[in-house]
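Some notes on the structure that comes next.
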Amino acid sequence: MTAYLITSVSVVGAAPTDLLIRDGVIAEVGPGLTAPDATVVDGTGLVALPGLVDLHTHLREPGREDAETVESGSRAAALGGYTAVCAMANTSPVADTAGVVEQVWRLGREAALVDVQPIGAVTVGLAGERLAELGAMADSAARVRIFSDDGHCVADPKLMRRALEYVKAFDGIIAQHAEEPRLTEGAQMHEGEVSTRLGLIGWPAVAEEAIIARDVLLAEHVGSRLHVCHVSTAGSVEVLRQAKARGVRVTAEVTPHHLLLTDERAETYDPVYKVNPPLRTAADIAALRAALADGVIDVIATDHAPHAVEDKECEWAYARPGMLGLETALSIALDVLGPEWDLIAERMSRTPARIAGLTGHGVDPAPGVPANLTLIDPAARRTIEPAELASRSRNTPYARMTLPGRIVATFLRGEPTVLDGKAVK
Ligand code: DOR
C-alpha cells in the first residue's frame, strides 16, 4: 500500500499540520513530518475533515441502472467527499429481503469507492401492509440497522409501533418518510401562496408534522429509536425540539436543498425542482438552519435521488420527485453554514456515522484512526455543469450555479478514491 504524506493541512479548521497515512490508518500527525517513501499531497490552504457520511442516498440498483448504479453513485459520493453512504431501500426489487440487501452491499464492496451500507425496507414491497424480514436483514452479511420505506410513509400506526418494537432487539432504527398520505393526495408542491397562484395541488406542512408528532409519541412509548428523514418545515422542528427535550430517542436530518431553495422555484415549472417533501418557504429555511446550528436537527443528509431524463424532463405533474445531492452537498453546507468546520464535521460525518453505527467513519484524523478523510479547498469556487457530474443522472437543481468549495481528495482506508479533484478509478 502506498503511503501518503499530506502537508500543511488544516484538520477541521485548526492550524496547519502534516498527516502521514500508512497501511490504511493515520500513522502520524504533526508539523514537519518526513517519509521518503510516501507520495506527497500538498495540503496548503486545504481543510481535512473526517470522510463525509450520508444517511440517505438512492443508488437505484437493482432496477433503475439507467438512472444510477451502486458504482456510479459511489463515484459521485467519493467526488463529494463521502467515504460511506446508506443506500435507500426503494429499489426494484425492493430491498426487503436479506438477498437484496446483501446484493447491494456486495456491489458496494466491489466498487470500493465508499462503504455502502444498505438500508432495509420496513414493509414488504414498501406497501405498508406487512413487516419485511427485518431480523433476517439484520443478521445478513449487510448487517442492516436502519430500516425505511422512504418514498412512502409507514402510515399505519400499528405497523409503525410493531416495527419500532421489533428493531429494539438489535438497537435498530426506523427512519420515517413523514407524509400523511391522505393529506397529500395529488400533491405537487408545498401548499401555500405559490401553489395557490400556480393552481397546483399543495402538500401541507401539517402532513409532515402530524406524522412526526405521532411517531415521536410511538418511539417514546416503545423506548425505541426513530430517525426522521428530510425534515422540511418549521413546525416539524418544534415537534422535534419538544420530543428531544423530553428525552425521546429521535434523530433528524435535513437535506441541502431544503436549506437553500424555496417553493418559488416552482414558478419556473421546471420539474428539476419537484421533490418530496417539497421545497418550502423562506421562514421554514430559517427554522431549519437554526435547528441545524442548535442540534435539534442532527444531520445533513443528501436524499440524492437520481432520475432518468424521461422521468424529469416532462410535465411537472408527471415528473418524479427528487434531485441529485452527493456531488454538491459540501458546497451547499459551506454556503449555508460558512466555514464552521467543526459543525460541518459534526453534521455531515461524526453524527451520521454514529447514528448508522459505522465504525471507523466519522472519526477525526488522529494516530491509529482509519484513514477515512476528505480534503477540501474552501477558497475554490466552481460552476456546476450537469454533464460533468459522475452521477448517471443530470437532475441537479444547481446547474450553472457557482458554489463555494471543492473536494480535492478523498481517502477510503488510506487509499485515494479522489485525487486532484478527479476520481481515481
Ligand atoms: O424526492 C424524493 N425522491 N423523495 C423521496 O422520498 C424519494 C426520492 C426518490 O426515490 O426519488
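Backbone N, Cα and C atoms are what each Cβ position is placed from, and that goes for glycine too.
Keep in mind that TrEMBL annotations are predicted by a computer and have not been checked by a curator.
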Which of His177, His257 shares the Zn(2+) 2 site with Asp150, His230 per TrEMBL?
His177
Among Asp294, Asp298, Asp303, Asp311, which residue does TrEMBL annotate as binding Zn(2+) 1 together with His56, His58, Asp150?
Asp303
Which of His56, His230 (the binding-site residues) has the most other Cβ atoms within 10 Å?
His56
The one of His58, His177 whose CB sees the fewest other CB atoms within 10 Å, among these binding-site residues:
His177
May I ask which of the binding-site residues His56, His58, His177, His230 have a CB within less than 6 Å of any atom of ligand 1, listed in sequence order?
His58, His177
My understanding is the cutoff is Cβ-Cβ under 8 Å with a sequence separation of 6 or more in the same chain; which residues meet that for Asp303 (Zn(2+) 1 binding site)?
His56, Thr57, His58, Cys229, His230, Thr255, His257, Val275, Gly322, Met323, Gly325
